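What TrEMBL records for this protein is below:
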- 18-208: domain 'MHYT' (DOMAIN)
- 20-36: transmembrane segment (TRANSMEM)
- 56-77: transmembrane segment (TRANSMEM)
- 89-109: transmembrane segment (TRANSMEM)
- 121-139: transmembrane segment (TRANSMEM)
- 151-173: transmembrane segment (TRANSMEM)
- 185-205: transmembrane segment (TRANSMEM)
- 225-244: transmembrane segment (TRANSMEM)
Amino acid sequence: MMFVGFQAVPGAIVPYAYDWSMIGLSFLVSVCGAYVGLRWSQRIRKGDGRLDVDRLLCACVALGGGAVWSMHFIGMVAYQTPTRREFDMLLTIASLLAVLVLVGAGLVIASRPFGGRTDNIVKGGVLTGLGVVAMHYTGMAAVHSNSRYDWDIGIIALSLLIAVVVSVIALWLATTVKTAGKQFAAAMVMGLAVCGMHYTGMAAGTMICTSPSYSPSLFAIEGGSIGYAVFVLTMVTLLIILLIEATRAGIDAAAASTSGSRPR
């Protein structure tokens with residue numbers, strides 16, 4: 001066992017190790033979420049500049065829920081310790097809602113048909129980056145165990161900087177990259193960047209044991225299998241979003257063809 005010899009004594013530093021299979025899944029789900037999100041982000045504005053709410057929601061779910069939140073949650077499961085851990089359900093849901101709302105707001109600002117394009121992307125990126133950081137540390141606060149975190153403010157600041165820079169780049173890609181091949185390459189970059197931010201943020205906290213044992217909470221979820229469940233649920237959701245995209249593209253093409261063939 002990797003944690004042989006550890007004793008849960010108050011004040012002891014809790015050792016940790018990463019499950020590399022989970023890290024791989026966290027990267028894969030981030031890339032897939034980024035790819036689907038990039039495809040939908042291209043069309044969140046209609047021809048007259050109004051928002052297409054359906055497409056905006058799908059882009060938010062793919063980018064915020066898939067590329068960011070699911071990656072974060074699976075990455076948290078990948079973080080293995082000898083102490084019992086569980087996730088507070090209410091805080092976990094709050095972290096998901098926070099990133100969905102702020103990613104959506106960032107996309108709305110970045111895609112505005114008025115104002116300077118660069119200015120819109122930077123403003124949207126800063127807002128989205130703050131949402132990613134809020135999600136990350138809310139998600140970490142959702143982890144309950146017989147330990148607490150000692151935080152390194154310098155690394156927290158670095159994770160915030162990474163999140164904002166990554167978000168600005170992501171929104172620039174979302175409003176610029178058009179072809180499927182470039183979207184996939186951009187999704188790979190985004191997946192690496194999101195993972196980089198997450199694992200930098202994880203390094204900001206040192207777990208300190210507070211008691212020899214832990215009593216489980218009422219509203220909590222635990223178990224390593226939850227990471228696989230989140231991965232499968234996210235991939236199914238992304239597949240459904242892709243199918244919706246294909247259906248809407250077919251409907252739009254048929255409508256355009258019908259409109260173009262009408263006699264004048």
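Each Cβ is built from the backbone N, Cα and C atoms, and glycine gets one as well.
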Using a Cβ-Cβ cut-off of under 8 Å, list the residues of the same chain that are 6+ residues beyond the ends of the transmembrane segment (225-244) and lie near it.
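Apart from its flanks, the transmembrane segment (225-244) reaches 22, 25, 28-29, 32-33, 36, 39-40, 58, 61-62, 65-66, 70, 73-74, 77-78, 87.
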Could you check if the transmembrane segment (20-36) is in contact with the transmembrane segment (185-205), meaning 3+ Cβ pairs under 8 Å among residue pairs at least 6 apart in sequence?
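Yes, the stretches contact each other.
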Taking 56-77, 89-109, 121-139, 151-173 as candidates, which has the most Cβ pairs under 8 Å with the transmembrane segment (185-205)?
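When the Cβ pairs under 8 Å are tallied, 151-173 comes out ahead.
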